[in-house]
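Asker: Got a structure for you, written out below as structure tokens; questions coming shortly.
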Amino acid sequence: MRVVYWVGTSWKMNKTLAEALDFAERLAGFIPGFDDRIQPFVIPPFTAVREVKRALSSTRIKVGAQNMHWADAGAWTGEISPPMLRDCGLDLVELGHSERREHFGETDRTVGLKTAAAVKHGMIPLICVGETLAERESGQADAVLSAQVEGALQFLEGEAKTAKILFAYEPVWAIGDKGIPASADYADKQQALIKTVAGALLPSVPPVLYGGSVNPGNAAELVGQPNIDGLFIGRSAWQADGYIDILGRASAAI
């Protein structure tokens, strides 16, 4: 039985500080009295995380970052450390997005190091996993997902394995402005696999969100699937009205 249903959005490389604060203020005015079965979260760009967190500090909305380094400090020019994110008051951090894997050399090992660092510093890792179209068509999807999940968890030891961890299943072929949403049945099947693999490595099965062209038209059907524990929304939620619309649809469908 679901205790909470996660519904959030990552803004990627979008929004000025003024735009981010406008979104946050709209959301802060909506959330009081909203369905407490749903846990909202937003993931702004680094330039806005502190201010957005402050703007939402009186609400239950969680705020995260889109990436971080695994080291606490050091000669890592251009990187952001876990203590820096905690200093901003952040609750979670998105790790392993396919764009970072493809364009910035992210690997299962570095995702694993970052996952362990996030847990160490009291943040929830939101670990993105997903197969490419070529991997799906060649029958490798299950093997790819299993390897990504195992890699993300490989450096967790002892009590760290009991920390709150989230996965987001984002098939690479389903994301972006040209993405084709996965069918609800297919997404549910792949998310069941992720839960099986993660559940064998952790004391409890972590929640798995679905991300990949989530929109007002498919949100309710996705929410109705037993293995989909939340929605991780892209461009359909980049405007406050769009995000609020999908929050309402998720609430009605639970």
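Cβ atoms are placed via backbone N, Cα and C, with glycine included.
The following feature annotations were taken from Swiss-Prot:
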ACT_SITE  HIS97  active site, electrophile
ACT_SITE  GLU170  active site, proton acceptor
BINDING   GLY176, SER213  substrate binding site
Asker: So which recorded positions out of GLU170, GLY176, SER213 end up within 10 angstroms of the residue listed as 'active site, electrophile', measuring C-alpha to C-alpha?
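Answerer: Hits: GLU170.
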Asker: Tell me the Cα distance separating SER213 (substrate binding site) from the residue listed as 'active site, proton acceptor', rounded to the nearest angstrom.
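Answerer: Rounded to the nearest whole number, the Cα-Cα distance is 9 Å.
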Asker: Between HIS97, GLU170, GLY176, SER213, which of the recorded positions has the fewest other CB atoms within 10 angstroms in the structure shown?
Answerer: GLY176
